[in-house]
Amino acid sequence: MERLEATSQLQSRLSSLSFSSFPGVTAKQCDNTPPDRLQNTNLSESFTQSKDSMDDTKEDSGRLSEGNEEAPAELALGEGGEENSSAGSCQLSAEMKAQMPPLNPPTTWTSAAVKELKVKLRTEKDSMVTVYRGDIMTVHVPTVPEANKVCWEFATDGYDIGFGIYFDWTPVTSRSITVHISESSDDEDEEEELEGPVGNGDVEKGSKTHTNSNLSEILPVYRQDSHLSVQGGSHEFPGEGTYLLKFDNSYSLWRNKTLYYRVYYSA
């Protein structure tokens, strides 16, 4: 009983006490401990470390950016070198073109004597040929020292045909006139082997100029009304080489063309 009374008295005393009855404990716990805990934390150190790491990162990024600044400079030099090389090749091609003398335009004419020409050429060997649909007939005519001009005349039955003239500056190795028949696809393959992309050209609008360094265009390929009138012309030799007279039926899908033609020299 005495112990119970003593315990109850102690509890009543403790309950009557407040936070202000323990000034030392309150000051130590509230005033000293939190600042100590905040000061003992590594926030300032981590901030310093993070700042140092940020500075290191900036230095590293600066070094990387300096390295990257050098890389585009090298790339620019490389691009400039490529441009210079391509410019040099273009200049070389231009010099090769400049060595060729300019070609004079051909002299052309027409005649209504279609029947007379056909009657005459029917009796001559290899002067009447058939140019099949989709084909191109090229007549190779080399220059000769005995003449200074090449002449041509041609006509067709019923329908027109494309015609154009080119000059090959390659030195002449044979004096004979030859005929080459090819399909339009064959000509495309040959043109791909030239020094640049060359289109077949639209016979309705005229062919495009060839980019072969040895080949010059005298007359682009156009459809000629050779079934209505005789198509003739001549051209003076610009120098040693070979004329290419093209009779183009590549645009025709269904019709073969009967061609009457003759090629001869003139002094």
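Any Cβ shown, glycine's included, is placed from N, Cα and C.
Where the annotation comes from TrEMBL, it is an automatic prediction and has not been curated.
Given the structure is predicted, the values throughout are model-derived calculations rather than measurements.
Residues or ranges marked as compositional bias 'Low complexity' in TrEMBL: 8-22, 73-88. Per TrEMBL, compositional bias 'Polar residues' is recorded for 38-51. Annotation comment: TrEMBL describes 184-195 as compositional bias 'Acidic residues'. If you look up TrEMBL, you'll see 124-265 marked as domain 'GOLD'.
Residues of the domain 'GOLD' (124-265) grouped by DSSP class, helix first, strand second and coil last, total 9 helix, 69 strand, 64 coil. Over the domain 'GOLD' (124-265), the average per-residue pLDDT in this prediction is 86.
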